[in-house]
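Visitor: First the structure, which I've put down as structure tokens, then a few questions once you've had a look.
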Amino acid sequence: MNKEDFFIKQISNSKYNGDDGAFIDGYVYSMDAFFENVHFKKDWMSLKQIAYKSMLVNISDAIAMNAKPKYALISVAIPNSYNENDLKALSSGFKKAAKEFDFEIVGGDTIENNKLDISITIISKTKEPKFRNSAKINDFICYTGKLGSCKKDLETLLNGKKIKKSSKFMTPVLKADFFYEAAKYVNASMDISDGLFLDLEKLSKASNIGFEFIKDIKEEVGISGEEYEILFSCSAKNLKKIEDIAKKHKVKINIFAKAIKGSYKSSFENHHFKN
Ligand SMILES: Nc1ncnc2c1ncn2[C@@H]1O[C@H](COP(=O)(O)OP(=O)(O)OP(=O)(O)O)[C@@H](O)[C@H]1O
Ligand SMILES: Cc1ncc(C[n+]2csc(CCOP(=O)(O)O)c2C)c(N)n1
Ligand SMILES: [Mg+2]
């Protein structure tokens, strides 16, 4: 077992743990960290972009569970060198996301540190939560959008070069409207944060299924992280309905595998606690 899974198992064996968020009594509780030098370098993005992306990566988990964000708690470690304009820029990114997705920032914590580190908790509401453990044998396995560009853009940045302002690495494009409408036809879902192959492994474990690939997934597509697309499964019967909803919202759907008996293991390493 890897260090991350070992640790999570030590802390919590709650039945609510293990999905994009914990669904309890109509609400989904989820949190994600967005830390300097782990998730971004400060010369890559403006403070507003950093704050905005830190919110989007969190909202992504709520959407993947078919939950609508209602409240957020934001914990921020801020370098002492930041002036008032910096603080305004940072808060404008948080507020932009709250306005766009119509939720309230109800609390958090602020400390001083030598790096900018952001942790956000989102509390979201749903009448019909979607989990990772509900994919059924013979389901089609699909993902939204295009995968691959985030890894390419990350590499460009790590090589000291610039990427386009419109890059999905800078600003993930969440498929909220599509998914809130399509969710009733979906069996299982999660967001793609670690990369399709690793996230498929999580889906496989949670739903106790394997995959038969219909389409060949190239390595640069399968190992691209931070895409924040939605990975989902649905029955053959519901596929057409989902495709129609996707068309209406101008969202691309890739149908690339079928769920079969068995299990799936990615041959690629998790980026956390690499040797
Ligand atoms: N420190 C922790 N304490 C308790 N539970 C944790 C901790 N870290 C992770 N978990 C739980 O383990 C599960 C997997 O966490 P992880 O952060 O990998 O979520 P993910 O949705 O798969 O990935 P991402 O955060 O990149 O979207 C989640 O249910 C999460 O709540
Ligand atoms: C400086 C820097 N180095 C590496 C990366 C790549 N990276 C960080 S987190 C992550 C996947 C999901 O994250 P998490 O599991 O933390 O939600 C990836 C691919 C980056 N963005 N910035
Ligand atoms: Mg997730």
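Glycine too: its Cβ is placed from the backbone N, Cα and C atoms.
Straight from TrEMBL, here's the annotation block:
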- Asp20, Asp61, Asp191: Mg(2+) 3 binding site (BINDING)
- Asp20, Ser30, Asp61: Mg(2+) 4 binding site (BINDING)
- Asp32, Asp61: Mg(2+) 2 binding site (BINDING)
- Asp32, Asp109: Mg(2+) 1 binding site (BINDING)
- His39, Glu226, Phe268: substrate binding site (BINDING)
- Gly108, Asp109, Arg132, Ser193: ATP binding site (BINDING)
- Asp194: Mg(2+) 5 binding site (BINDING)
- 18-123: domain 'PurM-like N-terminal' (DOMAIN)
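Quick one: where do these features end up spatially?
Guide: Mapped onto three states, the DSSP output places Asp61 (Mg(2+) 3 binding site) in helix.
In the structure as shown, the Cβ atom of Asp20 (Mg(2+) 3 binding site) sits within 10 Å of 24 other Cβ atoms. DSSP gives Asp20 (Mg(2+) 3 binding site) a coil state; it is part of no helix or strand.
The Cβ of Asp61 (Mg(2+) 3 binding site) lies under 8 Å from the Cβ of Asp20, Gly21, Val28, Ser30, Asp32, Ile122, Asp191, each on the same chain and at least six residues away in sequence.
Residue environment of Asp32 (Mg(2+) 2 binding site) contains 21 other Cβ atoms, counted within 10 Å of its Cβ in all protein chains. In this structure, Asp32 (Mg(2+) 2 binding site) is part of a beta strand by DSSP.
Shown in sequence order, Gly195, Phe197, Leu198, Gly222, Ile223 are the residues of the chain, 6+ apart in sequence, with a C-beta less than 8 angstroms from the C-beta of Phe268 (substrate binding site).
Listed in sequence order, Gly18, Asp19, Asp20, Ala188, Ser189, Met190, Lys202, Leu203, Ala206, Ser207 are the same-chain residues at least 6 apart in sequence whose CB falls under 8 Å from the CB of Arg132 (ATP binding site). In the three-state DSSP assignment, the secondary structure recorded for Arg132 (ATP binding site) is coil.
In the shown protein chains, 21 other C-beta atoms lie within 10 A of the C-beta of Asp194 (Mg(2+) 5 binding site). Asp194 (Mg(2+) 5 binding site) falls outside any helix or strand according to DSSP and counts as coil.
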Visitor: Please compare the binding-site residues Asp109, Asp191, Glu226 by how many other CB atoms fall within 10 Å of each one's CB, and tell me which has the fewest.
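Guide: Looking at the binding-site residues Asp109, Asp191, Glu226, the Cβ with the fewest others within 10 Å is that of Asp109.
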Visitor: Can you name the binding-site residues among His39, Asp109, Glu226 whose CA is within 10 A of the CA of Ser193 (ATP binding site)?
Guide: Glu226
Visitor: On the three-state reduction of DSSP, what should I expect for Glu226 (substrate binding site)?
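Guide: Reduced to three states, the DSSP call for Glu226 (substrate binding site) is coil.
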